[in-house]
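According to Swiss-Prot:
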- Cys193: active site, phosphocysteine intermediate (ACT_SITE)
- Thr194, Ala195, Gly196, Leu197, Gly198, Arg199: substrate binding site (BINDING)
- 51-61: compositional bias 'Polar residues' (COMPBIAS)
- 92-249: domain 'Tyrosine-protein phosphatase' (DOMAIN)
- 49-71: region 'Disordered' (REGION)
- 254-330: region 'Polysaccharide binding' (REGION)
- 1-42: transit peptide (TRANSIT)
Amino acid sequence: MFCVQNLPRSSALPLQSFKSHQRRPPCSVNTLGVMSNVNLHRSMAVKAISGPTSSAETSDANVEEEKSETYSTNMTEAMGAVLTYRHELGINYNFIRPDLIVGSCLQTPEDVDKLRSIGVKTIFCLQQNSDLEYFGVDINGIREYAKTYDDIQHLRAEIRDFDAFDLRVRLPAVVSKLYKAINRNGGVTYVHCTAGLGRAPAVTLAYMFWVQGYKLIEAHNLLQSKRSCFPKLDAIKSAAADILTGLRKKVVTLTWKNPDCTTLEISGLDIGWGQRIPLQFDEEQGLWILRRELAEGCYEYKYIVDGEWTINENELVTSANKDGHVNNFVQVFDDNPDSFNANLRKRLTGDDPDLSMDERLKIRQFLESIPDEEQ
């Protein structure tokens with residue numbers, strides 16, 4: 001029998017805990033899901049490939065296509081929407097506002113020139129080193145080239161790919177850095193992750209919601225009218241509530257009664273779909289057990305039993321996404337559902353959240369107070 005327990009012990013982390021939180025790099029990729037194509041971009045900047053190609057060039061192109069297909073497959077399953085990224089086509093982007101662009105990653109130093117030509121003053125990269133290495137992007141070469149100009153700045157603020165909880169926890173520090181860069185550099189800001197379909201849209205939405213005065217749904221509708229993408233809105237909502245109420249945690253215990261299996265792991269929760277945590281077998285109880293501190297919020301997860309991904313049908317299960325995938329999930333609540341903080345979090349994590357003038361001012365002041373990260 002598998003059960004979920006919310007134990008009474010809890011902890012509250014001060015707002016300062018957001019200062020420079022860094023997460024581990026991801027492990028390989030998730031292996032569930034099916035890839036499908038979607039019309040992503042209404043306006044694109046595409047590399048032109050012309051003339052005869054050698055067998056080596058053809059082989060390299062095939063490798064790039066295979067990497068893109070693998071990445072798209074994993075993005076589709078992790079984001080819960082059918083998404084495609086073609087790295088071999090070059091950088092692509094969309095203006096969301098006259099001063100804000102969301103796009104895919106820079107691939108060569110020449111991409112810096114492309115962005116300078118459209119008025120970009122800040123290039124804001126959300127990729128981790130592992131993301132760059134996967135597609136063979138020379139980030140150091142790009143950054144060094146950008147430094148040869150005095151009218152554009154390249155900044156990095158890493159968020160782990162395919163990880164909604166890392167996005168939630170990192171958003172305050174990342175948006176703080178973006179906010180300060182925009183105030184300092186002016187002009188047009190180019191926000192990108194790898195494909196420009198998850199992390200970059202989410203950071204841009206958080207900035208529009210927290211700083212520019214948009215309601216979240218209004219900002220999201222504007223974004224979708226310019227660029228088809230799938231930002232994790234729940235992470236943005238929870239991050240806003242975390243700033244205003246503090247990041248409170250509770251211990252959650254997951255148990256599974258299956259003494260016949262050899263290994264039992266869990267993926268999702270607060271570690272993302274690219275990583276796994278092993279459950280420990282308690283011989284006395286005959287149970288596989290995992291105890292983990294989780295912040296308030298909703299967490300999806302799956303089990304890997306002797307290498308096979310599965311859910312427990314006796315526990316809470318999400319609705320099927322477009323590809324038919326379902327996950328288990330657990331909701332972590334405040335011990336006092338009638339408290340001011342609980343009601344504030346409930347409002348901010350609802351379907352159509354908005355911030356009062358006072359709440360938005362507090363968030364801006366908090367963003368300004370976060371020490372600058374390197375890079």
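Each residue, glycine too, has its Cβ placed from N, Cα and C.
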According to DSSP, how is the region 'Polysaccharide binding' (254-330) divided among helix, strand and coil residues?
0 helix, 43 strand, 34 coil
Can you check how the pLDDT averages out over the region 'Polysaccharide binding' (254-330)?
92
Around Gly196 (substrate binding site), how many other C-beta atoms are within 10 angstroms of its C-beta?
27
DSSP state at Arg199 (substrate binding site), helix/strand/coil:
helix
With Cβ-Cβ distance below 8 Å and at least 6 positions apart along the chain, what are the contacts of Arg199 (substrate binding site)? List them in sequence order.
Leu126, Ile159, Asp161, Leu167, Cys193
Is it possible to get the count of other C-beta atoms within 10 angstroms of the C-beta of Thr194 (substrate binding site)?
24
Is Thr194 (substrate binding site) helix, strand or coil when read with DSSP?
coil
